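What follows is a short report on a single structure.
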Amino acid sequence: MTDRGLMQRLNDGEKVIVAEGYIFNFERRCYIRAGPYVPTVVLEHPNLVKQLHEEFVRAGSDVVQAFTYYGNRAKLKLIDRLADLESMNRTALRMAKDCANNTGTLMAGDICNTNTYDTSDPNNKENMEAIFKEQVEWAVEEGADFIVGETFGILDEALIALDVIKTYGKGAPAVITMSTHNIFKNGVLSTVDGVELTEAMKRLESAGADVVGLNCTRGPETMIPLMEKIKKSGVKAHLAALPITYRTTEEEPTFHKLTDPKTGKIVFPLNLDCALNSREDIFEFGRRCDELGINYLGLCCGNSPHYTRTLAESVGRKPPGSKFSPDLSFHCFYGIDDIVNKYLPTANVLG
Ligand SMILES: [Zn+2]
């Protein structure tokens with residue numbers, strides 16, 4: 001058990017590292033289907049989810065985020081698994097809590113965009129609230145230390161989620177992160193519902209979010225400038241930044257826009273592999289967060305334990321996984337085991 005909660009850590013100026021990215025990780029390992037992206041692996045192979053929680057903590061994550069992303073009523077209905085809704089959520093939450101208890105980390109409940117937000121439906125708000133409420137209540141009952149509401153493109157949906165956390169979360173802190181698409185209103189980057197980004201962050205802060213920021217959709221290179229802007233805008237809440245681990249650029253700022261340098265084709269969502277960040281990219285991201293005073297930092301889609309370890313090390317941490325951090329002094333091309341100089345002095349193998 002941990003006696004220091006999220007807000008105490010952040011208020012003391014501590015960094016909180018958060019490994020996300022479970023959906024893409026299990027899709028790559030062939031345990032969930034791309035397309036619906038529903039965390040069915042929670043019920044079908046729970047031990048693998050437990051294992052990934054442990055791996056992320058070992059790599060430096062301070063938080064075990066329950067794998068309930070897209071485990072909501074709307075998504076389960078889509079794949080005709082509505083009967084599994086509660087057991088999927090509770091199983092995910094219990095595994096996360098067990099891991100957090102065993103490792104002295106924090107357990108986060110997780111809700112996200114529903115993809116069913118529809119202002120033409122007179123029951124829109126009630127529908128959203130019903131989806132979020134049951135997940136928040138289960139998270140609290142299973143001992144979540146705080147609740148994450150993430151990847152909202154629509155500010156209004158994020159505000160509804162926040163309100164549900166505040167109403168039914170029994171005082172659990174709320175971390176709200178938005179995903180920024182490439183949407184401009186009057187020339188300024190805006191949420192899907194047309195609110196300028198820093199204004200959106202301020203509205204979330206005013207509505208009681210304890211941590212606000214961005215996650216998913218953008219890689220480090222195109223998320224950091226936005227975080228800089230948010231920081232300068234005077235938002236007082238703690239800031240969160242959890243990019244995808246792909247090389248988005250000014251020309252291709254979100255993973256939806258990324259193209260394969262070889263074919264010129266859009267790579268989202270199945271061929272993102274060709275645009276993965278390097279470990280150095282992730283290290284640089286951590287360093288920039290440190291400079292900007294962003295203390296809730298992590299990685300979203302594309303994340304893997306080695307990236308999480310790199311992020312932890314970039315801010316001076318030495319998690320248990322650092323036991324196996326690289327030591328190239330033993331490498332056969334670079335180190336004491338030097339076959340290049342011994343056998344291949346003229347081969348120019350290293351370019
Ligand atoms: Zn993501």
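Cβ coordinates are placed from backbone N, Cα and C, and glycine is handled just like the others.
Taken from TrEMBL, the feature domain 'Hcy-binding' applies to 5-315. Confidence in the domain 'Hcy-binding' (5-315), given as mean pLDDT, stands at 98.
TrEMBL lists Cys216, Cys300, Cys301 with the feature Zn(2+) binding site. The Cβ neighbour count for Cys216 (Zn(2+) binding site), using a 10 Å radius over every protein chain in view, is 28.
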Sparsest-packed among the binding-site residues, when each Cβ's other Cβ atoms within 10 Å are tallied, from Cys300, Cys301: Cys301
Shell list (Zn(2+); ref centroid = CB of Cys216, Cys300, Cys301; cutoff 8 A): Glu20, Gly21, Phe24, Thr151, Ser179, Asn215, Thr217, Leu242, Pro243, Ile244, Phe255, Leu299, Gly302, Asn303
